[in-house]
Amino acid sequence: MYTLVLLRHGESAWNKENRFTGWTDVDLSPQGIEEAHRAATLLHDGGYSFDLAYTSVLKRAIRTLWIVLDDLDLMYLPVHHTWRLNERHYGALQGLDKRETTEKFGKDQVQAWRRGYAVRPPALEETDPRHPRFDPRYAGLKKDDLPATESLEDTLARVVPYWNETIVPTLQDGKRILIAAHGNSIRALVKYLDGVPDDVITGLNIPTGFPLVYELDDDLHPIRHYYLGDEEEIRRATESVASQTATKK
């Protein structure tokens, strides 16, 4: 049996402000820092340790991982950073307030942009300073690899090859792996591992800062998965993610 731990970063500054974030490189909020420490405590108390870690190239995931590894006295572990674990790119929605966007475009349209499996938000123009072609961290990527917007389907298309080509071999070598990533890159991986149907994955929300443990069989098929932490706190955190576009009454 293999064990894999997935961790969505702690609350970011734009999570707190309820803005679409995507590839915008915002940092953790004070609460997000606390959530990262809580995740480390849950892992420590559960007896989990790791041999290496994977994360994105966005600081909210990187800092979450740093805090967890520091608290577990594992700062020496090899850490692999990849854009393929980045959050889904939200295109021209990035930076916009989610509730205000819902009031402008309607609940159904914004929900489709947020959760529709194959629906892409409006794309960034290539001249938009928010476009990843202007960000030096992506300087080595081919133009075709730089998204101006993404659906969850697009996100899965970049996450799964990295999983199969890079992460799976390390699991099969017996390494204990922690992946600190983002709500949608984790949703993509969960969809792939569990075979979640397209119409069901739209209702899956990943809470910030709670470790998600997968136990996998010899063929890397899930035996079971579960969150570490208090069930009521996890429920509230998950519902909070789901309600981010609720309009003010």
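A Cβ is built for glycine as well, from the same backbone N, Cα and C atoms used for every other residue.
What Swiss-Prot says about this protein:
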- 8-15, 21-22, Arg60, 87-90, Lys98, 114-115, 183-184: substrate binding site (BINDING)
- His9: active site, tele-phosphohistidine intermediate (ACT_SITE)
- Glu87: active site, proton donor/acceptor (ACT_SITE)
- His182: site 'Transition state stabilizer' (SITE)
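Structural mapping of features recorded in Swiss-Prot.
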| residue | record | contacts (Cβ under 8 Å, 6+ apart) |
| --- | --- | --- |
| Arg8 | substrate binding site | Ala181, His182, Gly183, Ile186, Ile206, Pro207, Thr208, Gly209, Phe210, Leu212 |
| His9 | active site, tele-phosphohistidine intermediate | Leu28, Gly32, Ala36, Arg60, Ala61, Arg63, Thr64, Ala180, Ala181, His182, Thr208, Gly209 |
| Glu11 | substrate binding site | Leu28, Ser29, Gln31, Gly32, Glu35, Thr208, Gly209 |
| Trp14 | substrate binding site | Phe20, Thr21, Thr24, Val26, Gly95 |
| Gly22 | substrate binding site | Glu87, Arg88, His89, Tyr90, Gly91, Leu93, Gln94 |
Surrounding CB atoms that lie within 10 Å of the CB of Glu87 (active site, proton donor/acceptor), all protein chains: 26
Neighbouring C-beta atoms (10 Å sphere around the C-beta of Arg88 (substrate binding site)): 29
Fewest other Cβ within 10 angstroms of its own Cβ, chosen from the recorded positions Lys98, His182: Lys98
DSSP three-state assignment (helix, strand or coil) for Arg8 (substrate binding site): strand
Three-class DSSP secondary structure - the residue listed as 'active site, proton donor/acceptor': coil
